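Per TrEMBL, the feature domain '4Fe-4S ferredoxin-type' maps to 12-41, 43-74.
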Amino acid sequence: MRFKVPRELIPWNPTVNHEKCIGCKTCFEFCSHGVYSWDEEAGKPVVSNPTNCVVGCSGCRSQCPAEAISFPPLSVLRNYM
Ligand code: SF4
Ligand code: SF4
């Protein structure tokens, strides 16, 4: 997909609900784009590089056993195309 604005201006990245997250590390291990880092102390993922997230991808969400990962609706992307 091509967008008319720089990646930094496109609001597309995962959000983790830490109350739901069970700390299984699947999202951290699944994403090959370095979006997540791992907070050893909390035992939870951190979305430390949100703009590395591939616009339109939501692969990690479907891997999460706790349904703790969310994304904006795909329709928001129309504003940037
Ligand atoms: S949506 Fe895709 S690119 Fe973005 S964090 Fe999840 S697996 Fe990585
Ligand atoms: S996959 Fe879901 S439950 Fe597992 S660490 Fe990531 S957010 Fe938490």
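Just so you know, glycine gets a Cβ as well, placed from its N, Cα and C.
As a summary of secondary structure, the domain '4Fe-4S ferredoxin-type' (12-41) carries 5 helix, 6 strand, 19 coil according to DSSP. Per-class residue totals from DSSP over the domain '4Fe-4S ferredoxin-type' (43-74), listed helix then strand then coil: 9 helix, 6 strand, 17 coil.
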